[in-house]
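Copied over from TrEMBL, here are the features:
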ACT_SITE  CYS186  active site, thioimidate intermediate
BINDING   108-131, 216-239  NADP(+) binding site
BINDING   GLY181, GLY183  K(+) binding site
DOMAIN    9-338  domain 'IMP dehydrogenase/GMP reductase'
Amino acid sequence: MRVEYDIKLGFKDVMFRPKRSTLKSRSQVSLQRTFKFMHTSIEWTGVPIMAANMDTVGTFEMAIKLAEKDMFTAIHKHYSLDEWNAFLSNAPEGIENNIAVSTGTGENDLDKVKAIINTNTHLKFICIDVANGYSEHFVAFVKKARELFPDKVIMAGNVVTGEMVEELLLAGADIIKVGIGPGSVCTTRVKTGVGYPQLSAIVECADAAHGLGGQIISDGGCAIPGDVAKAFGAGADFVMLGGMLAGHDESGGQVVEKDGKKYKQFYGMSSATAMDKHAGGVANYRASEGKTVQVEYRGPVESTVQDILGGVRSTCTYVGASQLKELTKRTTFIRVAEQENRVYTK
Ligand code: 5GP
């Protein structure tokens, strides 16, 4: 047994130190980034904030709305081939730049992703997602996917340490999804005791990925726009959101009414709710590692998106970054023992 005594940090442990800046207004800040990828010749330009591949968030409806803002959606893996074909026949032109097809590592998953991509060859992004990206089986799957889809951008995860980021990039992934345990409806840390504070995971994984010419997605743990900015400040190339995008018209999940108030169901993809829906229940050898919650219904996602983008733009002006790309270079985090004043928080 070994203990590491370095302190690892989460979003709540830091704040940005403001810096002198020549920017007059947040409207001068560009949140667009352009990326070239390690294994393909595809170049991507957009706002690198994405909806998570959860069936309550990564929906076709969300993809259309987020694409209008140049943002991205990792479409959840539970749509059928027919549903994909129907969506792509009426989706706005260029949608393939703003969506990924998600898959797990099962045989059925692979067959489905092959069918979706082979009938819609203009799709560019594949997101290979498992809860634990540390298994040899997962690395082998990433290698196989790279052979099968040599010209697609492959996102793969989740991991939280630099050596595994390098291994997955070398196995054929272009972008590594980082985060174990920080998610709003995740109970991995409760059920298993495994995890890594997200801000430190980003710093360490970004360093490993950028050294090889790869990118990372910070996945999970953002509860407010300031957290999204901190993820970028720490070095994330993309930030993936679940809970912050839940509860809207474009989100999946049922609307329920309680005491005259509307709520939408939101649940983890390893929750009993998701497993009942998609896998015929929780298998007897595993525990569910996700929660089911009811979030207040929040109307169209548009105003939430504006709040997030406005927040990140404002962060950039506080530290003097005229482009999102510069944010991490201009970031000095200070360790803090307090966050916002909660006197008037209900
Ligand atoms: P959030 O933005 O809500 O904090 O986190 C979203 C992320 O939580 C997802 O992208 C995914 O990585 C993770 N997640 C989603 N469902 C589950 C689950 O049931 N269990 C665990 N451990 N993580 C989940």
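Cβ atoms here come from the backbone N, Cα and C positions, even for glycine.
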Euclidean distance between Cα atoms of GLY181 (K(+) binding site) and ALA234 (NADP(+) binding site), Å: 18
Sparsest-packed of the listed binding-site residues (GLY181, GLY183) - C-beta count within 10 angstroms: GLY181
Local backbone state of ASN108 (NADP(+) binding site), from DSSP in three classes: helix
For CYS222 (NADP(+) binding site): intrachain residues, at least 6 apart, with Cβ closer than 8 Å: PHE11, VAL228, ALA231, VAL239, LEU241, GLY243, MET244
Where LYS114 (NADP(+) binding site) falls in three-state DSSP terms: helix
DSSP state at ILE216 (NADP(+) binding site), helix/strand/coil: strand
Average pLDDT across the domain 'IMP dehydrogenase/GMP reductase' (9-338), rounded to a whole number: 96
Cβ neighbours within the same chain of CYS186 (active site, thioimidate intermediate) - under 8 Å, at least six residues apart: GLY220, GLY268, SER270, GLU289, GLY290, LYS291
